[in-house]
Amino acid sequence: MVSAVSRQLVNRQLNRVLLRNARIAPFARATRFYSSKYAQESENAKRHKMGLLIAGVAVAGAIVFVTPPQWKKYFRAAKKVEEVAESKEDPVSEAAEEVSESVQESTEEPQQSQEKETADVGNEQAQDESASSGDSEAKKAHDEFADQNEASEKESAPMGESADADQTAKDETVAEKTGNSKSESSESDQSEQDILSSDLEETMETVSEADKELHQISDNTVLSSEEDKTPKAEELKSTSPSGNDEEPKKEDDSSKTIHSLNSEKDMEAVEEEVKQESAYNPDTGEINWDCPCLGGMAHGPCGEEFKAAFSCFVYSEAEPKGIDCVEKFQHMQDCFRRYPEHYAEQLADPADDENVDHEKNLSEGKDTGVDSTPPKDEAYLKTEKEKKIEENASPDEDTASKKD
């Protein structure tokens, strides 16, 4: 029973709550709808007001800044017309003002004429007085000016003497300074000329040394090629028996012709080798920078400076030869001094180089003061006799060839 009653009570309370909610729900919805509607209307109104404000500002700006000058003039003229119309609204008052002005002018004219006459008389008197006073003042000023001139002349006499003395002293000092500057400039010029002359002498010495080295290299190559070939011929002749003098003349003639042909071929080969080994080819006018006679200086760190100096010396047409290449040789020497590890031989003293070359030539038998020929033993004397016999027999061979 208790549970049933409690259930009924609970159900009643739930029904009441549901009824209340059902009654309140439409009002809540309506309030929500109306509140949202009013909010939207207020926002639309704000937007509308802002749009009107922006449009007004734009129109005002267009009127002020964008309107053409003719319209502005028109507006100004309209304003002036309005102002004139406002000022001329009372014609009666204007007529009264004009009449009063004419009366005043008529009354003021005789007064003005009298005032002018009195003013003219006063002006004439004042002019007379001012003229008399001006003459007296001019006389006084003239007298004062004359007195001042006399005083200034008296004072300027001793001052002029002192000024002349000062000027003469200044002139003397200026002359001394100019003389000192000229002497200093002349001394500096002489020192520069001495330095340049010494540099020219050094460069000329280097040029001559380079030329000598080139000639020595070419001579050494020729001598070495000849020495390489002459020992072979001497060995062949030395191996021949001692009874060569008793051989018939035909064998001598044939050996002579063979020897002459070989000598001509040897000379041609030597000339070709010299041409190949020389750096400058006069036929083509080109310089072989890969020539071993240059010692690889054209490809070192100072290769460009060496090429410039060497080509200038080769193609130089000045007298003496290479005088116009002094600066380039100086640049080359400066570059050599910067790289002593690569150009130690070129930077050594020329006297030491000459001594070294002399010792080498002595060791190889190439010195000019020592004969490079082997000692004159019996075999060598025999070969000389054979050469004499061949030379004596050469005219007979020429005649025989002509007859054939």
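Just so it is clear, glycine is given a Cβ too, placed from its N, Cα and C backbone atoms.
Keep in mind it's a predicted model, so treat the numbers as computed, not measured.
The transit peptide annotation in Swiss-Prot covers 1-34.
The average pLDDT computed over the topological domain 'Mitochondrial matrix' (35-50) stands at 74. Summarising the annotation, Swiss-Prot assigns topological domain 'Mitochondrial matrix' to 35-50 and lists sequence analysis as the type of evidence.
Feature annotation from Swiss-Prot assigns topological domain 'Mitochondrial intermembrane' to 72-404; the stated evidence is sequence analysis.
The region 'Disordered' annotation in Swiss-Prot covers 84-287 (among others).
According to Swiss-Prot, the feature compositional bias 'Basic and acidic residues' maps to 136-156 (among others).
The feature compositional bias 'Basic and acidic residues' is assigned by Swiss-Prot to 226-237 (among others).
Feature annotation from Swiss-Prot assigns compositional bias 'Basic and acidic residues' to 246-276 (among others).
Reduced to three states, the DSSP call for Cys291 (disulfide bond) is coil. Counting every protein chain shown, the Cβ of Cys291 (disulfide bond) has 17 other Cβ atoms within 10 Å. Residues annotated as disulfide bond in Swiss-Prot: Cys291-Cys293 (among others).
Within the same chain, residues 199-200, 203-204, 206-207, 210-211, 279-280, 287, 289 sit at least 6 positions outside the domain 'CHCH' (299-343) and bring their C-beta atoms closer than 8 Å to a C-beta of that stretch. If you look up Swiss-Prot, you'll see 299-343 marked as domain 'CHCH'.
Summarising the annotation, Swiss-Prot assigns motif 'Cx9C motif 1' to 302-312.
Counting every protein chain shown, 23 other Cβ atoms lie within 10 Å of the Cβ of Cys302 (disulfide bond). Summarising the annotation, Swiss-Prot assigns disulfide bond to Cys302-Cys335 (among others).
Summarising the annotation, Swiss-Prot assigns disulfide bond to Cys312-Cys325 (among others) and lists sequence analysis as the type of evidence. There are 18 other CB atoms within 10 A of the CB of Cys312 (disulfide bond), with all protein chains counted.
Feature annotation from Swiss-Prot assigns motif 'Cx9C motif 2' to 325-335.
As annotated by Swiss-Prot, region 'Disordered' applies to 346-404 (among others).
Positions annotated as compositional bias 'Basic and acidic residues' by Swiss-Prot: 357-391 (among others).
In terms of local Cβ density within 10 Å, Cys325 ranks first among the disulfide-bonded residues Cys325, Cys335.
For Cys312 (disulfide bond) paired with Cys291 (disulfide bond), the C-alpha to C-alpha distance reads 17 Å.
Within 10 Å of the C-beta of Cys293 (disulfide bond) we count 16 further C-beta atoms, all protein chains included. In terms of DSSP secondary structure, the domain 'CHCH' (299-343) contains 29 helix, 0 strand, 16 coil.
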